[in-house]
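Colleague: Relevant sequence annotations retrieved from TrEMBL are reproduced here:
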{"type": "ACT_SITE", "residues": "His94", "note": "active site, electrophile"}
{"type": "ACT_SITE", "residues": "Glu166", "note": "active site, proton acceptor"}
{"type": "BINDING", "residues": "Asn9, Trp10, Lys11, Gly172, Ser212, Gly233, Gly234", "note": "substrate binding site"}
Amino acid sequence: MRKPIIAGNWKMFKTVGESLAFVSEVKGKAEAAGVESVICAPFTNLPALVEAVKGTTLKVGAQNLHFEDNGAFTGEISGVMLKDLGVEYVIIGHSERRAYFAETDETVNKKVQAAFKHGLTPIVCIGEKLEEREAGQTKNVCKVQTEAAFAGLSAEQAAQVVIAYEPIWAIGTGKSSTAADAQDVIGYIRELVTGLYGAETAAAVRIQYGGSVKPNNIAEYMQQPDIDGALVGGASLEPASYIDLIKGAE
Ligand SMILES: O=C[C@H](O)COP(=O)(O)O
């Protein structure tokens with residue numbers, strides 16, 4: 001049985017003070033039995049957040065990591081450093097990182113391996129651009145990105161990966177994929193994992209939908225057999241909305 005997971009991706013929003021105010025608002029309210037609630041915050045906010053969520057069921061994630069443990073990589077943060085802070089999750093290969101920071105399928109794979117090396121759970125983002133969808137390439141794009149992300153992982157590691165299927169045209173646009181379309185692609189992604197590792201591993205992998213998920217549409221996605229949660233940007237920033245997302249996922 002897969003435990004649903006709602007992850008808020010705050011992107012480049014919130015100061016430390018704003019993060020702490022958010023946690024004190026949602027504490028005790030963004031907790032639904034059987035739903036894992038994660039906040040993926042900017043690096044600067046992680047130490048304070050890890051401290052603030054102690055004693056709650058909220059978990060903290062980063063939005064990126066470097067694949068090396070340390071070295072001359074100005075401005076980067078490694079898995080060693082995240083683990084040292086007490087961070088549990090890390091988003092890898094978000095489409096904004098692929099588009100603006102030159103992340104490739106190869107670096108995504110290296111980062112997934114680095115996450116496992118340091119005991120972090122990777123939330124691996126995949127998804128097609130609008131022109132790829134219009135050209136009927138959605139599943140092909142997801143196949144290439146999924147296979148690359150999982151390269152070299154053991155079945156035991158693969159089972160722990162969280163995949164976030166985010167059609168790029170649906171991110172921050174208010175144009176969400178229909179629940180049926182999202183299920184179609186996510187069901188296909190699970191078949192891909194079955195092909196790579198077998199049915200038992202594929203049945204354990206959690207696959208989220210992301211792209212304009214809001215409190216008023218989360219339930220439709222959660223009703224789909226292969227959708228195990230959501231990676232949420234805009235609607236995760238306000239405490240009331242975040243609480244409603246968690247409740248809606250129950
Ligand atoms: O990581 C989250 C996604 O980019 C979705 O963002 P959004 O919910 O604002 O569309």
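Count begins at 1; order follows the chain as displayed.
Every residue, even glycine, has its Cβ placed from backbone N, Cα and C.
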Colleague: If you pair up every Cα among Asn9, Trp10, Lys11, Gly172, Ser212, Gly233, Gly234, the residues annotated as binding substrate, what's the maximum separation in angstrom, rounded to an integer?
Modeller: 14
Colleague: Which one is it: of the recorded positions Lys11, His94, which Cβ has the fewest other Cβ atoms within 10 Å in this structure?
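Modeller: Ranked by other Cβ atoms within 10 Å, the recorded positions Lys11, His94 bottom out at Lys11.
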Colleague: Around the Cβ of Gly172 (substrate binding site), how many other Cβ atoms lie within 10 Å? Please give the count over every shown protein chain.
Modeller: 12
Colleague: Relative to the Cα of His94 (active site, electrophile), which of the binding-site residues Asn9, Gly172, Ser212 has the closest Cα?
Modeller: Asn9
Colleague: How big is the gap, in Å, between the Cα of Glu166 (active site, proton acceptor) and that of Ser212 (substrate binding site), rounded to a whole number?
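Modeller: Just about 9 Å between their Cα atoms.
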Colleague: Around Ser212 (substrate binding site), how many other C-beta atoms are within 10 angstroms of its C-beta?
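Modeller: Result for Ser212 (substrate binding site): 21 other Cβ atoms within 10 Å.
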Colleague: Validating a neighbour-count step here. Other CB atoms within 10 A of the CB of Trp10 (substrate binding site): how many?
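Modeller: Cβ-Cβ neighbours of Trp10 (substrate binding site) within 10 Å number 22.
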